[in-house]
C-alpha cells in the first residue's frame, strides 16, 4: 500500500512500536495511524490504532490493519481513495470503524518524532551497528542545529533489531544532562529510519585520546565528567551495561556518555548468556552469572578510567578475551601507571574493582570523590542550550596507528 500524502498528516506516526502507542492513547476515541514493521519484498502496511475502552488501559487499544482493494482503502465495508479521507470521514460523521470504536481525538506526532524533510545529510562519518552514520543539519524551532544521524534501512533489519533501535531512542529521550549525548528524535515516517543525536565533532573518546596527548589534570577532569553522566543515569534507575571509552564522545572539552543500545530500565538485569558482551569491561560476578547491576557499571567505569589514563589503550593489553575472563574472575586487576596519584589508583582499584560488589562505591559517591580530587568544587548542572567548557588542556601528538575502528567488537 502506498499513500504519498500520508506523511503530511500530523496523526501519522510512521514506524511506531506498540510500547510507545500505550503511552499516547489514553482516552476513549484517541487514535493514530502508523506503519507496520516492513517485510522484505512486501509493501508497507498501515495500521490504525485506537483506544476502544480506557478502563482496560493498554489492553483497551485495538489495532486495525488498513486493506487496499481496487485502488480503495478499507477498514470494513466502505472504501476511500486515501487514508486521510477515511479518517476524515469517520471523525466528521462519528461513524464507528467497528461496533464499539469511534474516532474522536487524533493524537499528533510528539516533539521527538521528526519529519525527514527537516533533516539534511551533509557528510558520511562512518558505519554504525545497523547502518550508516552521517553528519547533518536539523531544522528545529526556526533554527538549524548540527547533528549526527544514524540511518537504517528497515528492510535489511529483522524485527528484534528494529525494536532495539526504538527502545534505545525511547530510553534516551528521557535523559537530559551535559555529560550525556543529547537525543533529538527519530524520523520514522518513511525510509530510511533516522535516529538524530547531538553532534560531537571530536568523535569517540578512545580515538580522541589516541590522537591527542592530554595532561593528567585534564584526564582526571574527563573521568569526573564521565562519573557525572553515569551517576545521572543511575539516579534515573537505568543500567548502561556498555560503559567504555569507545562509547563516550568528546566535544568542546566535555565527555558525553553515548551508545545506549544495551541499556535497560531498572537496577538489575539478567542477560542472555549466548549474546556477545564486552568482556574486557565486565565485573567478575557478571562474567560468571550474567547478572548486571549498577555495580557492574561501576566496575566498567573503573576500566574506562584506566583507558583514559592510558591514552585510549585497549584494557588488558596482550590478553585474549578468554584470558581476560579467566584473570578477572580469579582476582587479577590491572595496575594504573606511575603517573596516576597512588591514592587515586588505590581508591579506584578498591572502590570500582572490588571482588565483592557491595564494597564498590555507588556512582554518586565516586562522583563526589572525583569532584574533590579535581579541586574544582564542580557542581553538576542541568542541560542547557549553551554549556561553558573548560580549556582543552590538549597537546597534539602524531596519530596512533591503533584505532578503535581497527578493533574487533568482540573485545565486545
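Placed from the backbone N, Cα and C atoms, the Cβ positions cover glycine too.
These come from TrEMBL:
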DOMAIN    11-107  domain 'SH2'
DOMAIN    119-370  domain 'Protein kinase'
BINDING   150  ATP binding site
REGION    356-412  region 'Disordered'
COMPBIAS  402-412  compositional bias 'Low complexity'
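Reduced to three states, the DSSP call for the residue listed as 'ATP binding site' is strand. Taken residue by residue, the domain 'SH2' (11-107) breaks down under DSSP into 25 helix, 33 strand, 39 coil.
Applying an 8 A CB threshold to same-chain residues 6+ apart, the list for residue 150 (ATP binding site) reads 128, 130, 131, 132, 133, 165, 194, 195, 196, 197.
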